[in-house]
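S.K.: Quick one: structure below, then a few questions.
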Amino acid sequence: MDLPVDEWKSYLLQKWASLPTSVQVTISTAETLRDIFLHSSSLLQPEDELFLKRLSKGYLVGKDLDAPLFYREEGNKKFQEKDYTGAAVLYSKGVSHSRPNTEDMSLCYANRSAALFHLGEYETCLKDINRAQTHGYPERLQPKIMLRKAECLVALGRLQEASQTISDLERNFTATPTLANVRPQTLQRNLHHLKMKVQEKDKLTETFPAALAKTLEDAALREENEQLSSASSSVGLCIDPLKGRYLVATKDILPGELLVKEDAFVSVLNPGELPPPHHGLDSKWDTRVTNGDLYCHRCLKHTLATVPCDGCSYAKYCSQECLQQAWELYHRTECPLGGLLLTLGVFCHIALRLTLLVGFEDVRKIITKVCDKISNKDICLPESNNQVKTLNYGLGESEKSGNIIETPIPGCDINGKYENNYNAVFNLLPHTENHSPEHKFLCALCVSALCRQLEAASFQAIPTERSVNSSQLQAAVTPELCPDVTIWGVAMLRHMLQLHCNAQAMTTIQHTGSKGSIVTDSRQVRLATGIFPVVSLLNHSCSPNTSMSFISTVAAIQASQRIRKGQEILHCYGPHKSRMGVAERQQKLRSQYFFDCACPACQTEAHRMAAEPRWEAFCCNSCGAPMQGDDVLHCGSRSCAESAVSRDHLVSRLQDLQQQVGVAQKLLRDGELERAVQQLLGCQRDAESFLWAEHALVGEIADGLARACAALGDWQKAATHLQRSLRVVEVRHGPSSVEMGHELFKLAQIFFNGFAVPEALSTIQKAEEALLLHCGPWDDEIQELQKMKSCLLDLPPTPVGPAV
């Protein structure tokens, strides 16, 4: 959650409401963020901090020495059910609560290695085996884990190492026969079996060469931009007194071209929307799975084999290297504040991490620099009086506006270069004047509470790039913050307000499927929140000409359509014309970003407000024509005699149907496939009686039927249902949309598994064409499509194949 937990938010808003009017006016009319921060922090009382401390204790982020056994036993249950992914996550939770170099930690690592082995994650399994041995895996259990190590090595084709491992195991067994009841002959037999298995897989290995595994790190911008870091030379930076900074095309741009490839200046993993559990006797430890269990807290890489922080049970990493980097850069300060940071929300957490990454000295320098350039009144609003005439960076001299630049573009250095650095971050707009007084008060008290905790710790853990006078950092704890902490607090308050408009949701595609299904469904989930100074220069459009994707902490902006030279490069902030109507979009953009959208999509829709989108339309029960009207709907066909019907009645029917579809989706998730099919077929019949053929719910029902039929192995019916869903997706999102790409990916899976080779190859090509516009060749789905295509092309010709 971006803002604090509801209890703390409500508490502070009540505190604001109870303040004398004169105090509210003082804060509301404060001219600088420094004044807002100092006025607000003076109102933070010990009882407020005590209440916040109680809330923070709801998050169990410390290590509980009784937890490893609990999680190991819960993991064993999942393992016996053959839910190896679920087992691995629970073993990871056990690892997070274990102390280093203990039997608890070694057993959790060893058990997790078994789950990873069954998932085919052999390299990762070997790492866990080494970790288990490093942390003191019991001698009595060594044969079991050594055999697993040999099996991994054979599966990876490292037969010489496997033979050496077996020899070591046999030698140990001979020396100490009481270690285990595993015979050397059994080990040799297993080794021989695995060698044969590797030989059989040789051809398959050649079919999927390593060259297919393209990553975003391999993707390069066509030509680096000299004035705009992380951007292509096809992109130019401009500024206008009315619209501010924005990006334009300096040359014609083709669909799919990579325009920006930027690493987040700072990012924080989103803990998810799950509230802290109520810690009773029956639920002392949390078994729920969140993003924090599946992704590295530093680089955001997906992993089932997390390495925990030695000091807390919350922070987890994909490797020892990420753990060490995080500790040195920021986590040594954040570690003891884990529960507090989760209570205060992601924005406050990012504000702290940002200042920790930069270092106290550099934060103070840039604030001092701003103070020297402009009046103290504008210390936190450098953009307020810096109105700049139009300037185009990246366009030729003859194409510049000819206007004289009065001041540099905010965020650029003295040479006019805009880079991914703290100067650029600091110059992102906080929109202080647009935020409500109570919101600024809430943010200021959150930062104040955090500063009090940092001050209480005497800043002993705060990393700085240069030595700082110890007397400045180790001031005694007093109700009034010392001047240095005030600078820190003002910077964090500015960043909290900036994040309201400049935070970038870092998303990933998560694949899900019903039990037993080999055809996956996908959904976009918010993984983390970050700040990208260059990406933040993009203005919004409800019908943008770019798409954004993420790999790890890197954002990639690609052209989703042809962009002409001089045309503005636009990004969607969330409200997209294919997902919501113009009124809802306008409201969301106004409340979060403080502007009224006037993009072509909004202007077009504003002129035809009466016509509702086809994916929300009702149809006539008699003739099937679309219904028209506002509160009372009539059949759109003049020849139809069907009587009018109220919109409320149809909306009520729609809500009932949505509930029934929800029941079917749960049956599908639980693996009750036959019941799910019957439920969905009933929903489909009901939908046909009052919903337009391209209604979104009609597509959702068809998609559910396709997944259920695929799980049952009925590929022909699955393809038929999914093609109906495709028509709905195409009408709503367009034939080249990323949504269309995801749906075509599913259809390709169905044709592939149904052995319909021509249909599969044709669909794979269409899916690749759509996805490459939005995701790039590093995307998991694109790489899976390439593997399917490679497999199909290598098949020998067959005269007859199963029909789909």
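Placed from the backbone N, Cα and C atoms, the Cβ positions cover glycine too.
Heads up, here are the entries from Swiss-Prot:
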BINDING   Arg112, Ser113, Ala114, Asn427, Asn539, His540, Tyr573, Phe595  S-adenosyl-L-methionine binding site
BINDING   Cys296, Cys299, Cys318, Cys322  Zn(2+) 1 binding site
BINDING   Cys309, Cys312, His331, Cys335  Zn(2+) 2 binding site
DOMAIN    233-574  domain 'SET'
ZN_FING   296-335  zinc finger
S.K.: On a C-alpha basis, identify the one among Cys296, Cys299, Cys309, Cys318 that is nearest to Arg112 (S-adenosyl-L-methionine binding site); the candidates are the binding-site residues.
M.R.: Cys318
S.K.: Where does His540 (S-adenosyl-L-methionine binding site) sit in the DSSP three-state scheme?
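M.R.: DSSP call for His540 (S-adenosyl-L-methionine binding site): strand.
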S.K.: Limited to the zinc finger (296-335), I'd like the whole-number average of pLDDT.
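M.R.: Mean pLDDT for the zinc finger (296-335): 96.
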S.K.: Could you work out which of the binding-site residues (Cys299, Cys318) has its C-beta surrounded by the smallest number of other C-beta atoms within 10 A?
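M.R.: Ranked by other Cβ atoms within 10 Å, the binding-site residues Cys299, Cys318 bottom out at Cys299.
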S.K.: So among Cys296, Cys299, Cys318, His331, all listed as binding-site residues, which is physically nearest to Asn539 (S-adenosyl-L-methionine binding site)? Use the C-alpha atoms.
M.R.: Cys299
S.K.: Starting from the Zn(2+) 1 site formed by Cys296, Cys299, Cys318, Cys322, give every other residue of that chain whose CB sits within 8 Å of the mean position of their CB atoms, in sequence order.
M.R.: Tyr295, His297, Arg298, Leu300, Lys301, Thr303, Tyr317, Ser319, Glu321
S.K.: To the nearest Å, how far is the Cα of His540 (S-adenosyl-L-methionine binding site) from the Cα of Cys309 (Zn(2+) 2 binding site)?
M.R.: 39
S.K.: Taking the Cβ of Cys312 (Zn(2+) 2 binding site) as the reference point, list residues of the same chain whose Cβ is under 8 angstroms away and which are at least six residues distant in sequence.
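M.R.: The answer is Val61, Gly62, Lys63, Cys335, Pro336, Gly338.
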S.K.: Can you tell me which of the binding-site residues Cys296, Cys309, Cys318, Cys322, His331 is spatially closest to Ser113 (S-adenosyl-L-methionine binding site)? Compare CA atoms only.
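M.R.: Ranked by Cα distance from Ser113 (S-adenosyl-L-methionine binding site), first place goes to Cys318.
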S.K.: Would you please pick out, from the binding-site residues Ser113, Asn427, the one with the fewest other Cβ atoms within 10 Å of its Cβ?
M.R.: Asn427
S.K.: Residues other than Cys309, Cys312, His331, Cys335 within 8 Å, Cβ to Cβ centroid, of the Zn(2+) 2 site?
M.R.: Asp310, Gly311, Tyr314, Ala315, Ala326, Trp327, Arg332, Glu334, Pro336, Gly338
S.K.: Round to the nearest Å and give the CA-to-CA distance linking Tyr573 (S-adenosyl-L-methionine binding site) with His331 (Zn(2+) 2 binding site).
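M.R.: If we compare the Cα positions of Tyr573 (S-adenosyl-L-methionine binding site) and His331 (Zn(2+) 2 binding site), the gap is 30 Å.
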